[in-house]
Amino acid sequence: MKKYLVGGAVRDRLLQIPVKERDWVVIGTTLQDMLKAGYQQVGKDFPVFLHPKSHEEYALARIEKKSATGGYTGFTYKASSEITLEEDLKRRDLTINAIACDENGSLIDPYNGQRDLNQRWLRHVSEAFCEDPLRVLRVARFAAQLAYLNFRIVPETRLMMQHMISELPLLSPERIWKETEKALATRDPQIYFQVLRDCGALKTLFPEIDALFGVPAPAKWHPEIDTGIHTMMTVAMAARLSDSIAVRFASLCHDIGKGLTPRDHWPSHHGHGPAGIPLVQSLCQRLRVPNSIRNLAIIVTEYHDLLHYAVKLKPKTLIKLFYAIDVWRRPERLEQIIIISEADARGRAGYENHFYKPGQFIREAYRIASSIMPCQVISHNLTGNKIGEKLRQYRQQAIATWKQQNYESKQQ
């Protein structure tokens, strides 16, 4: 039995990136031998085992062959003690992921992965790359993950990705979302969507986002003009401001309604917030996006523009906004929405380093409103809904007083 460290652990070690998890491939052994050695089998589709002590994954070397269209269900696998390391590595997606390291630290690199690491290329290992359409998303995700190191996709791999678009609808929603979620967690999530657009996959997988490219916005507010470009800039800014997947996904969706604006109304997009809600719902339902992420995206789509004008809003409107986004039961949601609105404001050409004043105002308004406690209302011998109504009135009055003293009086 020979064991080799493979995949991302080897790649990241060579790039001097912290290794998060380690995967191993085992050569010259059988399923029965692994079980006798105390390994626990966990793979259903092919033999994957957990080490009895480290609990790291060990997989028998295998080869695979496409037997039908689609994702994993379209493959047949063969794992045996006779399969070589080179055969196992050949089935992998990119050369930089097809490097192995033996127990002595020696590298086995039959497909020139080290060369591509040094030259910062994302390159497919073999023609078998095109057999799994998920690899289009994986390459886009690696492009986002390694963009800060200046990795690029080689033209040959880009061309192959373009030829795989027709099979993307066969992917399960779970696989699409899993790759998208990983991409949203990278330093440069906007690169993922840009790569998908460049190869034609965005129109198939995210038509609501693809429709934003070429849609103009007023140059006065959006020097970058193109709504699709602005959306990518907003996602990039959101990634700078927050690690939250929910925040980053909501920033992707925030202007989705502008794709519905009739051409004769361009570049204005009145009512694009509420108009975008059904699109967000449809997108999230199609990809089976978790409810918590979906709910934030819907709220942001509807209300993000309102925050930009927060200082001009009447106290009644501010309170209505706070209740609409349920801030007293979900206080974390307000900060998420402020961050996304800031990303929206700074995700514009020339505004990247601007201070977002409405954020400070909204936080202070919420603090003032939250200083009014339910116990201050209950003492008025009110019952039922009247308690909530009175609490709302008190909070509105507190904001009105604070706003008049700190903002309106200074403007006079």
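Glycine residues also receive a Cβ, built from the backbone N, Cα and C atoms like all the rest.
The ATP binding site annotation in Swiss-Prot covers Gly8, Arg11, Arg92, Arg138, Arg141 and is backed by sequence analysis. Taking a C-beta cut-off of under 8 angstroms and a sequence separation of 6 or more, Arg92 (ATP binding site) has the following same-chain neighbours: Gly7, Ala98, Val125. The secondary structure of Arg92 (ATP binding site), as reduced to three states from DSSP, is coil rather than helix or strand.
For Arg11 (ATP binding site), applying a Cβ distance below 8 Å and a minimum sequence separation of six or more within one chain yields Ile96, Asn97, Ile99, Gly113, Leu117. If you look up Swiss-Prot, you'll see Gly8, Arg11, Arg92, Arg138, Arg141 marked as CTP binding site.
Taken from Swiss-Prot, the feature Mg(2+) binding site covers Glu21, Asp23, and the record attributes it to sequence analysis. Note on Asp23 (Mg(2+) binding site): other Cβ atoms within 10 Å of its Cβ, all shown chains, come to 16. According to its DSSP assignment, Asp23 (Mg(2+) binding site) is in a strand.
Positions annotated as domain 'HD' by Swiss-Prot, on the basis of sequence analysis: 227-328. Across the domain 'HD' (227-328), DSSP helix (H, G, I), strand (E, B) and coil residues number 79 helix, 0 strand, 23 coil.
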Quick one: Cα separation, Asp23 (Mg(2+) binding site) versus Gly8 (ATP binding site), in Å?
8
What same-chain residues, at least 6 away in sequence, bring their CB to under 8 Å of the CB of Arg141 (ATP binding site)?
Glu179, Lys182, Ala183, Thr186, Tyr192
Cα distance (Å, whole number) from Glu21 (Mg(2+) binding site) to Arg138 (ATP binding site):
18
So what's the mean pLDDT when you look at the domain 'HD' (227-328)?
96
